[in-house]
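Asks: My structure is below; once you've seen it, I'll send some questions.
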Amino acid sequence: MDYRIRTSRDEDAALLPAIERSAGESFRLLPELAWIADAGVAGVDFHRRLIERGSHWLAEDADGQPVGFLAAERCADELHIAELSIAQAHQQQGLGRRLLERAVTYAHASHCRALTLTTFCDVPWNAPFYARLGFQRLTWQEAGERLRAILGHEQEIGFAADSRCAMRLVL
């Protein structure tokens with residue numbers, strides 16, 4: 001199937017929570033994380049804010065239907081990936097990689113020095129996926145105050161402390 005990556009538009013925002021919910025279904029394969037499939041997702045206002053800033057990209061199928069997205073936010077001289085989700089029926093098609101490539105292009109053009117994210121350390125489609133694309137796992141000290149605050153918040157909402165990690169791709 002043919003896919004296209006483009007900058008997200010305001011009218012896309014209402015469709016994005018359903019994509020994130022679909023992507024979350026993959027966590028049902030991992031009994032200890034199955035609860036994530038039923039957890040809340042980012043709201044429309046979150047997406048609209050990042051779309052307005054120009055740091056939100058969409059993967060769409062040949063019919064122009066949204067099937068994935070990457071939402072990012074500029075934090076000083078880094079671009080932080082807040083969410084990368086691909087609808088379950090469209091996973092394993094290289095869309096996550098293509099969305100990340102678009103974010104890297106944007107980061108270079110915006111004079112960012114790195115991309116950052118937090119993710120699950122041992123879930124195959126999380127940290128191992130990002131590591132294959134050049135992201136490095138950070139120690140607690142290397143993560144810095146901003147990423148440590150995100151990891152702390154993730155613990156507060158129910159993630160086990162040792163299950164999450166911060167990663168960085170230096171440009």
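From the backbone N, Cα and C atoms, a Cβ is placed for every residue, glycine too.
Checked Swiss-Prot, it gives:
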BINDING   Leu84, Ser85, Ile86, Pro128, Phe129, Tyr130  CoA binding site
DOMAIN    3-162  domain 'N-acetyltransferase'
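Are these features on the surface or tucked inside, and what touches them?
Replies: According to its DSSP assignment, Leu84 (CoA binding site) is in a strand. All chains included, 24 other C-beta atoms sit within 10 angstroms of the C-beta of Leu84 (CoA binding site).
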Asks: On a count of neighbouring CB atoms within 10 A, which of the binding-site residues Phe129, Tyr130 is highest?
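Replies: Max Cβ neighbours within 10 Å, all protein chains included: Tyr130.
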Asks: Looking at Cβ-Cβ distances, which residues of the chain lie under 8 angstroms from Ile86 (CoA binding site) while being 6 or more apart from it?
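Replies: Long-range Cβ contacts: Ile19, Ala23, Ala59, Val67, Gly68, Gln93, Leu95, Gly96.
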Asks: How big is the CoA site in terms of the longest C-alpha to C-alpha distance among Leu84, Ser85, Ile86, Pro128, Phe129, Tyr130, in angstrom?
Replies: 17
Asks: So how many other Cβ atoms are close to Pro128 (CoA binding site), meaning within 10 Å of its Cβ?
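Replies: So the Cβ neighbour count for Pro128 (CoA binding site) comes to 13.
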